Amino acid sequence: MSPTNLPRWTASAPEPGDDGASPRHVAIIMDGNGRWAAARGLPRIEGHRRGVDALRRAVRSAHELGVRQLTLYSFSAENWSRPAQEVADLMNLLRAFIRRDLTELHRGNVRIRVIGERRGLPDDIGGLLEEAETLTRANSGLTLVVAFNYGGRQEIVSAVRRIAEAARDGRLDPATIDAGVVADHLDTADLPDPDLVIRTSGELRISNFLLWQSAYAEFVFLSLHWPDFDHAAFEEAIAAFRTRQRRYGGRVARVGA
Ligand code: IPE
Ligand code: IPE
Ligand code: MG
């Protein structure tokens, strides 16, 4: 199968015979902060704090492991349903992270992108997210995508709404709507699909993360909780990825087949 035969939305299209290759785009569902803290008799916030440390480690590891893009699920559209104090703690941790780490990330040539719904976020957080994106826009190193107030269904709904509006206004012929048009209306329009999705904490579900984009991602579930995620865990996930055969609905080419 040649990459040109692939539908447009498999943006990180495989090179022919790419089995055993490293993932270029890794997306992580950073889960288990609360259980990590509970197991140690600590308040949940301590788990979230240690989760930020793990996030910093993951960015460094991604760079060392040759990952070009790292997407981190930091706050879901459904996480608003948690107690107000926990939501406030998570907002404060994001503020502190951007204030503390933005300069260093920029110096490290990291390009920051944020996906998710900006409306409804505290004003200052919206400002910080924009500042992070603007400052690092021209960087050419690792792309760090922060999924914040993100929900896959919400993202698809808002894409559908904008497509419908364009059709209504005569800017788009409904007959031309295909997977590429939908992909172009998602928050991730200019970003490749994930090759590998990792979830920590032993939960085996997607929790509304990158629903469209992970159509052909490989999934690796790790039993450790997010605050314990380290370079070795990242390597383990990549090693598992490298044993997978990606077929995209086709067949594996065999010599003489
Ligand atoms: C992940 O840890 C962090 C966020 C969802 C923001 P959790 O807070 O979900 O931790 P568990 O799953 O309750 O252990
Ligand atoms: C998913 O974890 C969201 C993030 C990691 C930000 P959750 O802990 O919120 O997911 P569920 O509720 O267990 O599905
Ligand atoms: Mg959880």
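Numbering starts at 1 and runs along the chain as it is shown here.
Backbone N, Cα and C atoms are what each Cβ position is placed from, and that goes for glycine too.
These come from TrEMBL:
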- 1-23: region 'Disordered' (REGION)
- Asp31, Glu218: Mg(2+) binding site (BINDING)
- Asp31: active site (ACT_SITE)
- 32-36, Arg44, His48, 76-78, Trp80, Arg82, Arg199, 205-207: substrate binding site (BINDING)
- Asn79: active site, proton acceptor (ACT_SITE)
Checklist outcome for this item: Residues near Arg199 (substrate binding site) by Cβ (under 8 Å) yet at least 6 apart in sequence within the same chain, in sequence order, are Ile28, Ile29, Asp31, Arg205, Ile206, Phe219, Val220, Phe221, Leu222
Checklist outcome for this item: Counting other C-beta atoms within 10 angstroms, the emptiest spot among the binding-site residues Trp36, Trp80 is Trp80
Checklist entry - What residue among the binding-site residues Asp31, Glu218 has the most other CB atoms lying within 10 A of its CB? => result Asp31
Checklist entry - Which of the binding-site residues Asp31, Trp36, Trp80, Ile206 have a Cβ less than 6 Å from any atom of ligand 3? => result Asp31
Checklist entry - Listed binding-site residues are His48, Trp80, Glu218; which sit with C-beta under 6 angstroms of ligand 2? => result none
Item to check | Position of peak Cβ density within 10 Å, selected from the binding-site residues Gly32, Gly34 | outcome: Gly32
Next on the checklist: Sequence gap of 6 or more, Cβ distance under 8 Å: name the residues on the same chain that satisfy this around the residue listed as 'active site, proton acceptor', in order along the sequence.
Outcome noted: Val87, Leu90
Checklist outcome for this item: Distance filter, Cβ under 6 Å of ligand 1; input binding-site residues Asp31, Gly32, Gly34, Trp80, Glu218; output Asp31, Gly32, Gly34
Checklist entry - For His48 (substrate binding site), what is the tally of other C-beta atoms lying within 10 angstroms of its C-beta? => result 21
Checklist entry - Given the binding-site residues Ala77, Ile206, which one is most crowded in terms of C-beta atoms within 10 angstroms? => result Ala77
Checklist entry - Roughly how many angstrom lie between the C-alpha atoms of Gly34 (substrate binding site) and Glu218 (Mg(2+) binding site)? => result 26
Next on the checklist: Please identify, among the binding-site residues Gly32, His48, Ala77, Trp80, the one with the smallest Cα-Cα distance to Glu218 (Mg(2+) binding site).
Outcome noted: Gly32
Checklist outcome for this item: Glu218 (Mg(2+) binding site), DSSP three-state class -> strand
